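> First, the structure itself, so that you have it in front of you.
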Amino acid sequence: MGAWLWLGIKAAGGRGYGSSRGRSVWKSSRQVPSTPGSSATLLSCSETLGHPYIMTVGCVAGDEESYDVFPELFDPIIEDRHGGYKPTDQHKTDLNPDNLQGGDDLDPNYVLSSRVRTGRSIRGFCLPPHCSRGERRAIEKLSVEALSSLEGDLNGKYYALKNMTDAEQQQLIDDHFLFDKPVSPLLLASGMARDWPDGRGIWHNDNKTFLVWVNEEDHLRVISMQKGGNMREVFNRFCTGLTQIETLFKSKNYEFMWNPHLGYILTCPSNLGTGLRAGVHIKLPNLGKHEKFGEILKRLRLQKRGTGGVDTAAVGGVFDVSNADRLGFSEVELVQMVVDGVKLLIEMEKSLEKGQSIDDLMPAQK
């Protein structure tokens with residue numbers, strides 16, 4: 001067991017395998033399968049050895065049942081990662097874009113692009129860390145058949161990774177359309193990169209404003225994106241497309257993994273619930289250097305990444321700002337936090353441009 005796992009568990013309420021409770025759980029349950037005949041055990045869920053200094057939560061789920069069979073591992077992590085979310089709490093879902101207030105007027109002089117994404121797992125299959133090659137190919141086939149039925153603005157085409165040249169892949173990655181090559185410790189250590197690129201690909205509509213990744217970290221990653229600051233339009237397309245995809249899967253007698261407590265089930269515990277990340281690329285050259293920038297984001301329940309994503313620098317004062325929460329809030333609530341928070345960030349940036357103080361604009365903790 002490497003530091004990547006152990007540090008992740010320690011971060012979750014201090015219940016690491018170094019504690020007496022942790023050792024007891026580990027010894028008694030490490031070889032127990034999540035379901036009879038399954039290869040997903042506590043040992044395999046946590047054997048994600050990787051770079052000791054790159055860590056999300058330190059473990060992944062091998063299948064839907066893992067979260068139920070191994071609560072001693074997952075519950076403390078979920079509670080710590082999702083702001084005290086308890087085993088008795090119930091998740092809420094709201095994919096009605098009409099419930100979003102505003103969002104169509106984020107200043108395009110500051111907001112360069114807007115994006116909403118989520119993940120979905122197809123019930124009856126192992127999650128990517130334990131998908132066999134056959135399962136992965138079945139997921140790909142099923143997904144392509146369902147997505148090919150989308151019509152109108154959502155009509156598009158599937159592109160299998162194995163049929164792309166390296167140059168074509170890299171161009172899609174550079175343009176922020178395609179997932180990166182399997183170089184991250186999470187993908188490599190957890191086994192999610194097995195048989196790469198077999199069974200992986202990207203589906204997108206003609207305008208590249210609605211995309212679906214197949215068989216990366218999750219079975220499906222559904223993404224709506226476009227240039228500018230019309231988050232309402234992005235979210236509306238997201239909800240419409242996601243609802244249609246779920247209907248198409250149900251017509252083939254498949255459904256997405258979901259339960260009342262954890263919402264939508266995904267590979268990484270950090271993405272449980274909505275799995276939703278609503279974000280903007282926003283120019284904040286002054287606010288980004290302000291000593292209170294981090295505190296402001298925390299109060300707004302937002303998080304920042306560099307221009308190129310996780311662990312990258314902000315080039316030209318451009319940040320990727322998104323919601324920090326996934327579980328315990330509905331999709332509409334999370335997008336609303338981003339819309340309202342981004343408006344305030346822009347107001348603060350404008351004040352700093354004029355040499356004014358932003359003390360009067362400091363938000364209360366949401």
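Here the Cβ of each residue, glycine as well, is placed from N, Cα and C on the backbone.
Heads up, here are the entries from TrEMBL:
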BINDING   113-117, His176, Arg221, 277-281, 305-310  ATP binding site
COMPBIAS  81-95  compositional bias 'Basic and acidic residues'
DOMAIN    1-83  domain 'Phosphagen kinase N-terminal'
DOMAIN    110-352  domain 'Phosphagen kinase C-terminal'
REGION    81-108  region 'Disordered'
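Buried or exposed, and what's around them? Tell me for each listed feature.
Under the three-state DSSP scheme, Val116 (ATP binding site) falls in the strand class. Taking a C-beta cut-off of under 8 angstroms and a sequence separation of 6 or more, Val116 (ATP binding site) has the following same-chain neighbours: Ile223, Ser224, Met225, Met231, Val234, Phe235, Phe238, Leu276, Arg277, Ala278, Gly279, Val335.
Residue counts for the compositional bias 'Basic and acidic residues' (81-95) by DSSP state, with H, G and I taken as helix and E and B as strand, are 1 helix, 0 strand, 14 coil.
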> Write out the long-range same-chain contacts of Arg221 (ATP binding site), meaning residues 6 or more apart in sequence whose Cβ is under 8 Å from its Cβ.
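Listed in sequence order, they are Arg117, Thr118, Gly119, Arg120, Phe179, Val212, Trp213.
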> Translate the DSSP assignment of Gly279 (ATP binding site) into the three-state scheme.
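SS state of Gly279 (ATP binding site) = strand.
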> Validating a neighbour-count step here. Other CB atoms within 10 A of the CB of Ser113 (ATP binding site): how many?
18
> What is the average pLDDT across the domain 'Phosphagen kinase N-terminal' (1-83)?
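Looking only at the domain 'Phosphagen kinase N-terminal' (1-83), pLDDT averages out to 60.
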